[in-house]
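Undergrad: First, the structure itself, so that you have it in front of you.
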Amino acid sequence: MLSVRIAAAVARALPRRAGLVSKNALGSSFVGTRNLHASNTRLQKTGTAEMSSILEERILGADTSVDLEETGRVLSIGDGIARVHGLRNVQAEEMVEFSSGLKGMSLNLEPDNVGVVVFGNDKLIKEGDIVKRTGAIVDVPVGDELLGRVVDALGNAIDGKGPVGSKIRRRVGLKAPGIIPRISVREPMQTGIKAVDSLVPIGRGQRELIIGDRQTGKTSIAIDTIINQKRFNDGTDEKKKLYCIYVAIGQKRSTVAQLVKRLTDADAMKYTIVVSATASDAAPLQYLAPYSGCSMGEYFRDNGKHALIIYDDLSKQAVAYRQMSLLLRRPPGREAYPGDVFYLHSRLLERAAKMNDSFGGGSLTALPVIETQAGDVSAYIPTNVISITDGQIFLETELFYKGIRPAINVGLSVSRVGSAAQTRAMKQVAGTMKLELAQYREVAAFAQFGSDLDAATQQLLSRGVRLTELLKQGQYSPMAIEEQVAVIYAGVRGYLDKLEPSKITKFESAFLSHVVSQHQSLLGNIRSDGKISEQSDAKLKEIVTNFLAGFEP
C-alpha cells in the first residue's frame, strides 16, 4: 500500500495554480485540472491503483543523466597569456576553448588559476569570457593524406587546397621510444651532397645537427637532402623510400613560399609535408610546430616506413618558449631561458629513432638546425643541442665567402654513428680524405708565414687544395652516391694532382657527363654491389686515365 500513500501525498502537494501543472506530468486524467479541489475529485474517480501505476511508470522512465561541462572565466588576458579561474580538473597541455572560438593550451596549473597560452590573437578575448575544457590533449592529423600539403602547427591546411582528409589523429607530446624497441643505425640516409656523404655520413634514425651563422647555407643542405630523395621515392621499393617533413619555425612567409615553390619545381612536394609556424604566428604555435611535425613523422616510423624531419630552426623555438615561460612567470635561468629548455629539445630529438624488426623496422631521422651568433658554438642553446644529437655539420661564414660551398668546416664537423651506415664504396674512396683535409687546414695556416716547405708538406697542401675544390657543389643539384664515388676516386687516388685547381670544377662536370653516358654499367655495378670490386677499381682507373689524357679544359 506504500504506492497508494505516495500517490495521495503527491496529489496533496500539487500546486494550487493551474498554470504550473504540466499536461503530461501525471497522465491524461489531470489535463483539465484547475485547482486543488478539482484534482482531488478526479483522483478519487480515477482510483488510487491507476494513479500509482502512472507515477511509478513516470519515475522509472525519467532520464537522470546530466550533461556537465567544466567551465572557467578569464581573470586577465595579455601578451598571448590568459589567466583562467574555475578549471579545477584541467590537465597539463589540455586544449581549452574560449567563447570567441579561439583555442588555447593549459600550461601552468596553479592552486587558484590556470595559465593558458592562446593559439592566435588575444584581442578577441576579454576579461570575464567563459573558457571551457575540451577534454583532449593537443593532437594533430597524421597519415599519407598530408603528403604534398602545407599545414600550420595544429595540422590545419594553409595552402588553399581544402581541408586535410586524414581521419587519424596523434598527440603532439608523445613519449620517445624506449631502449628495447630501438636498434643501432645501420642504413645510409643519402643527402646527395659530396661533402656530407663522404665526410659526415648520416644514417636512418640518426640526429645530425646543422649549425652555423645566418646566411651560411644551412637550409640549402636540408632542401638538397629532400630533393635527393626523389630518386628513391620514384621507385617501387617501399624500404628505400624516405618521406620528408620540413618544419619552418619563425621564418618569413615569403621564405616558406619560395621553399615550397622550389620543392614543387623539383617534384619533391609529393613526398613532403611542410609544417609552418611563421614569424607572424603566436609564440605558442612556434613552440608547438616541431612537436606537431614529429608526430606526423612518427606515423611513418611506427608503420615500418622511413621518414626524415628537418627543424628549421630550433633557436627560434627556444626563443618562443622563453617568451611564453617568462610571461607565465616561470623562473628564468641562464640567458633568461627557463630551467627546462634542455628538456624542451631532448624530448623532441629523442623521438628520432631506428626501430628493430619486431617493431616494424621503420626509422625517423632528424636534421635540427641551430643558428649561431658570430660563430659562437659555446652559447647555451648550441651546446645543449650538440650534446643531444649524434654529430654536427658546422658551417662557417669565412668559408662561405671564400666560395667554398657547402661551407663545411671539416675539423669541427663530425658524425658519431653515421660511419656504420656509410656504404662500403664510399668508405673505400673517402676513408683517408677527412684526415687529409684536416691536416691541410692545419698546415695551410702555417704555410702563409713562409715558403720554405719540404716536399711532403707541399704535397699535402697541393692535394688539400684540389680535394677542397672537388667537394664544392652547386645548390639544388644533389648527386647519386655512385657518381660521388667516381668523382672522389679521381681526387683521392692522386689523378688530379697535376691538374690546375681552377679547372677541377670543369673536369668534374665533363667527367661525370662522360661516365653517365658511356659507362652506365659501371655505375650500376657500384650501386648494386655497394662496394668497388677489383674489376670496378681497374675499370675506374682506366676511365679516369683515358679521360684525363684527352681532357682539354
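Heads up, the Cβ atoms here are built off N, Cα and C, so glycines get one too.
So Swiss-Prot lists these for the protein:
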BINDING   Q215, G217, K218, T219, S220, Q473, Q475  ATP binding site
BINDING   T219, D312  Mg(2+) binding site
CARBOHYD  S76  O-linked glycosylation site
MOD_RES   S53  phosphoserine
MOD_RES   S76  phosphoserine
MOD_RES   K126  N6-acetyllysine
MOD_RES   K167  N6-succinyllysine
MOD_RES   K239  N6-acetyllysine
MOD_RES   K240  N6-acetyllysine
MOD_RES   K261  N6-acetyllysine
MOD_RES   K305  N6-acetyllysine
MOD_RES   K305  N6-succinyllysine
MOD_RES   K531  N6-acetyllysine
MOD_RES   K539  N6-succinyllysine
MOD_RES   K541  N6-acetyllysine
Undergrad: So if I draw a 10 Å sphere around the Cβ of K305 (N6-acetyllysine), how many other Cβ atoms end up inside it?
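TA: If we count other Cβ atoms within 10 Å of K305 (N6-acetyllysine), we arrive at 20.
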Undergrad: Take the Cβ of Q475 (ATP binding site) and count every other Cβ within 10 Å, whichever protein chain it belongs to.
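TA: Other Cβ atoms found within 10 Å: 13.
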Undergrad: Rounded to whole angstrom, what's the largest C-alpha distance between any two of Q215, G217, K218, T219, S220, Q473, Q475, listed as binding ATP?
TA: 17
Undergrad: How many Å separate the Cα atoms of T219 (ATP binding site) and D312 (Mg(2+) binding site)?
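TA: One finds 7 Å between the Cα atoms of these residues.
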Undergrad: Inside 10 Å of the Cβ of K218 (ATP binding site), count up the other Cβ atoms and send me the figure.
TA: 26
Undergrad: Could you round the CA separation between K167 (N6-succinyllysine) and K218 (ATP binding site) to a whole angstrom and send it over?
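TA: K218 (ATP binding site) has its Cα 35 Å from the Cα of K167 (N6-succinyllysine).
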Undergrad: DSSP secondary structure for D312 (Mg(2+) binding site), reduced to helix/strand/coil, please.
TA: strand
Undergrad: Hey, how far is S76 (O-linked glycosylation site) from D312 (Mg(2+) binding site), Cα to Cα, in Å?
TA: 34
Undergrad: Name the residue among the modified residues K126, K167, K531 whose Cβ has the smallest number of other Cβ atoms within 10 Å.
TA: K167
Undergrad: Would you list, in sequence order, the recorded positions among K261, D312, K531 whose CA lies within 10 Å of the CA of K218 (ATP binding site)?
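TA: Passing the 10 Å Cα cut: D312.
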Undergrad: Look up K218 (ATP binding site) in the DSSP assignment and report helix, strand or coil.
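TA: Helix, per DSSP.
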Undergrad: Just checking the recorded positions Q215, K240, K261, K305, D312: which sit within 10 A of K539 (N6-succinyllysine), CA to CA?
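TA: So far as Cα distances go, none of the recorded positions lies within 10 Å of K539 (N6-succinyllysine).
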Undergrad: Just name the winner among K239, K261, K539, K541 (the modified residues) by count of other CB atoms within 10 A of its CB.
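TA: Highest number of other Cβ atoms within 10 Å: K539.
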Undergrad: Of the recorded positions listed here (S220, K240, K261, Q473, K531), which is spatially closest to K305 (N6-acetyllysine) when Cα positions are compared?
TA: K240
Undergrad: Express the distance between the Cα positions of K261 (N6-acetyllysine) and G217 (ATP binding site) as a whole number of Å.
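TA: Cα-Cα, rounded: 18 Å.
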